[in-house]
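Heads up: the structure comes next, in structure tokens.
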Amino acid sequence: MKKKIGLLVMAYGTPYKEEDIERYYTHIRRGRKPSPEMLEDLTERYRAIGGISPLATITLEQAKKLEKRLNEVQDEVEYHMYLGLKHIEPFIEDAVKEMHNDGIQDAIALVLAPHYSTFSVKSYVGRAQEEAEKLGNLTIHGIDSWYKEPKFIQYWVDAVKSIYSGMSDAEREKAVLIVSAHSLPEKIIAMGDPYPDQLNETADYIARGAEVANYAVGWQSAGNTPDPWIGPDVQDLTRELNEKYGYTSFVYAPVGFVAEHLEVLYDNDFECKVVTDEIGAKYYRPEMPNASDAFIDCLTDVVVKKKESVM
């Protein structure tokens, strides 16, 4: 009989319906309810992208497809997928409890974020491992980062190339690629967090692969807190690149995210487009990985490599 291995797929989570927004936001704010103004602002953002984010559906599809693919590419072990979310049910701890109840003794934990940071990957895996230790007889093997995975870089190289191939030579000369990820508080840099360096590396790999000479790294979707967050913000960067170098076509690659959701559909497709419209420039944004076969193949390689290194 094949050994059963847990596949713990973790992600940020998103409201399933408008009524969930307040409790979701309260969880993000560690139990502090948002003010009516803050709640209204977030609700309006969701309404602007069609009422609710497609993220919940995409995340589940990614996880299910990954489980299926892992069981197709090898027959030594049988992977069982469990979904654990940071800010809404099914919570990470609930997924770990379910694994334990099912008699799983080893699990590979994959966060749907390519870059490592203490705020994201470390906290997700930490929560899972803490719960597993409480329950006993369950070891969780966390994947730190997978931004260097060749198929991940290739996904974005192909996506960027598909945008540039539709441009004339003249437009290409005046085009710039902005590679971005979710901003985090600046204090992580002083703590030696590798997150900013990993994004810079990712941008270099993609630009090299796609043969794009003009590119820059930006940060987006910063939180509404008094602490300074990593910059430059993509909107400010857009204006600056236009003023300084006269770029008239902007290609946004939000590579820190793996799916279409609020941060991409609103912060890029709406807020960045407002800026490009204002300066008379063209706006482009390649398709997100979502649950595409190419992306699922990438994640499959990531999990298989981790499993081989620890078991």
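In case you wondered, yes, glycine gets a Cβ from its N, Cα and C as well.
Swiss-Prot lists TYR12, ARG29, ARG45, TYR46, SER53 as Fe-coproporphyrin III-binding residues, and of the candidates TYR124, TYR147, TYR155 the one it assigns to that same site is TYR124. If you take the Cα of TYR124 (Fe-coproporphyrin III binding site) and the Cα of GLU263 (Fe(2+) binding site), they are about 20 angstrom apart, rounded to a whole number. Around ARG45 (Fe-coproporphyrin III binding site), the same-chain residues at least 6 positions away in sequence with a Cβ under 8 Å from its Cβ are LEU262, TYR266. Nearest to HIS182 (Fe(2+) binding site) in space, judged by Cα atoms and limited to the binding-site residues TYR12, ARG29, TYR46, SER53, is TYR12. Secondary structure at ARG29 (Fe-coproporphyrin III binding site), taken from DSSP and collapsed to helix, strand or coil, is coil. Around the Cβ of TYR46 (Fe-coproporphyrin III binding site), 19 further Cβ atoms fall within 10 Å across all displayed protein chains. Of all Cβ atoms in the shown protein chains, 15 besides its own fall within 10 Å of the Cβ of ARG29 (Fe-coproporphyrin III binding site). Across the annotated binding residues for Fe-coproporphyrin III (TYR12, ARG29, ARG45, TYR46, SER53, TYR124), the two most widely spaced Cα atoms sit 26 Å apart.
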